[in-house]
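S.K.: The structure's right below; bear with me while I get my questions together.
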Amino acid sequence: MTTTLKKVVAASMVGSVAEWYEFFLYGTASALVFGELFFQQTGNAIDGILAAFALYAVGFLARPLGGLVFGHYGDKIGRKKLLQISLIIVGITTFLMGCIPTFHQIGYWAPTLLVILRLIQGFAFGGEWGGAVILVSEHSPDDRRGYWASWPQTGVPLGNLVATLVLLLLSKNLSPEQFLDWGWRCAFWFSAVVVLIGLWIRKNVDDAEVFKEAQAKQQLLEKQQLGIIEVLKYHKKSVIAGIGARFAENILYYMVVTFSISYLKLVVHKDTSQILLLMFGAHLIHFFIIPFMGHLSDIFGRKPIYLIGAVLTAFWGFVGFPLMDTGNDWLIMLAIVLGLFIESMTYSPYSALMTELFPTHIRYTALSFCYQVAPIMAGSLAPLIALTLLKEFNSSIPISLYLVAASLISIVSILLVKETKGRSLAFKD
């Protein structure tokens, strides 16, 4: 591993850490405090959480637009510059979320301000993942790309670990009333520290040579198409596969990490500190699983690992929820880790697979579009759908069947594309 690659990996990871710190923070706050603080009370605790989860989904709506804008300019002027801008916007909006007054103080302005900040933040998030993954992939050797390109994905458990640790420290040292009143806000304000560290790390990295060469070739062309038009015109099958392939991973992840918090609180009756402690342990294990699965994709190929993970997704609900229902901490931990292990089989190879499917001059646009469109139909709605099914049927079986449907979509999608392991990133440039 060269010094340059080390810097690039660190620079790509830090944005992902900031992104997932906020997302786990918001998902946890939705389940624990937002329903009570920012929405009119109906007397039913589930209704408030449903409203918070609906707003959780709103943040995903702006992501595809952000992906297109950041992707277009990232393909034209460079990955690094756009990654810096996205990180700054993420930091500002997350900090401001911690400043919003409650529904009791300003009425409907509270959820309105939350919606506005979620949309702006979602726009910035739209350009983060694609740029980070591409930055690493374009610096990586062809035969080890699965491993190195999976490292930005470890920002997911790392961000969640930091968020869980912050929330755990706050909930352990504050009374429930103090945590509800002001403690949760400190967690959002802490995001500024994460972002400042990220900006400092990213200032010393540069775009890869494969991008600079492709950029020079494109500048010689008399007429260039808008990136997304070229993506949709010449790469339809890859786009469909890229979007559909995320359903199993995306829905399973939000089921295991976000919805399970509500499930453990409402059905299993675990307290906040217990849930956060279990999540902390699971995220720590998840951090090591992700690069391992990326390494396996370098050995066996992207598709075999992906397909096994997609198939296993169909079975998690029938195993995971009964394990949680026991109320035993070790079995609950097993359910969460099992879900994250399966999710990693589809999440880890995705970055290398998608990078290898598209040519350099439209890669940022294509990756960001596929990655950000999928959650609108998948993960963004997963906690809301799961909680609604739980409310209507008072059973985890319908939720498990929902996971089966997601699994089938991803299996069909991944079968649409050819194996890409070992492919040069200059293959179409």
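All residue numbers here begin at 1 and follow the chain in the order shown.
Quick reminder: no glycine exception, Cβ is built from N, Cα and C everywhere.
Sharing the record's features from Swiss-Prot:
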TRANSMEM  19-39  transmembrane segment
TRANSMEM  49-69  transmembrane segment
TRANSMEM  83-103  transmembrane segment
TRANSMEM  106-126  transmembrane segment
TRANSMEM  150-170  transmembrane segment
TRANSMEM  179-199  transmembrane segment
TRANSMEM  239-259  transmembrane segment
TRANSMEM  275-295  transmembrane segment
TRANSMEM  304-324  transmembrane segment
TRANSMEM  330-350  transmembrane segment
TRANSMEM  369-389  transmembrane segment
TRANSMEM  397-417  transmembrane segment
S.K.: Rank 19-39, 179-199, 275-295, 304-324, 369-389 by Cβ pairs under 8 Å to the transmembrane segment (83-103) and hand me the top one.
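M.R.: Ranked by Cβ pairs under 8 Å, first place goes to 179-199.
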S.K.: Under 8 Å for C-beta pairs, could you tell me which stretch among 150-170, 275-295, 330-350 has the largest tally with the transmembrane segment (239-259)?
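M.R.: Most Cβ pairs under 8 Å with the transmembrane segment (239-259) come from 330-350.
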S.K.: With pairs 6 or more apart in sequence, are the transmembrane segment (179-199) and the transmembrane segment (19-39) linked by at least 3 Cβ pairs under 8 Å?
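M.R.: Touching, yes - the transmembrane segment (179-199) and the transmembrane segment (19-39) meet the threshold of 3 or more Cβ pairs under 8 Å.
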S.K.: Which residues of the chain, 6 or more past the ends of the transmembrane segment (49-69), have a CB below 8 A from one of its CBs?
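M.R.: Answer is 26-27, 29-31, 34-35, 38-39, 86, 111, 114-115, 118-127, 130, 227-228, 258, 262, 365, 368-369, 371-373, 375-376, 379-381, 383-384, 387-388, 391.
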S.K.: Please determine whether the transmembrane segment (330-350) and the transmembrane segment (106-126) are in contact (criterion: at least three Cβ-Cβ distances under 8 Å, sequence separation 6 or more).
M.R.: no
S.K.: Any chance you could find the range in 150-170, 369-389, 397-417 with the most Cβ pairs under 8 Å to the transmembrane segment (304-324)?
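M.R.: Looking at each of 150-170, 369-389, 397-417 in turn, the most contacts to the transmembrane segment (304-324) are made by 397-417.
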S.K.: In the same chain, which residue numbers or ranges, 6 or more beyond the ends of the transmembrane segment (369-389), come under 8 angstroms Cβ to Cβ?
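M.R.: Here the qualifying positions are 27, 30, 46, 49-50, 53-54, 56-57, 59-61, 63-64, 66-68, 71, 125-126, 129-130, 228, 231, 239, 242-247, 250-251, 253-255, 258-259, 262-263, 354, 398-399, 402, 406.
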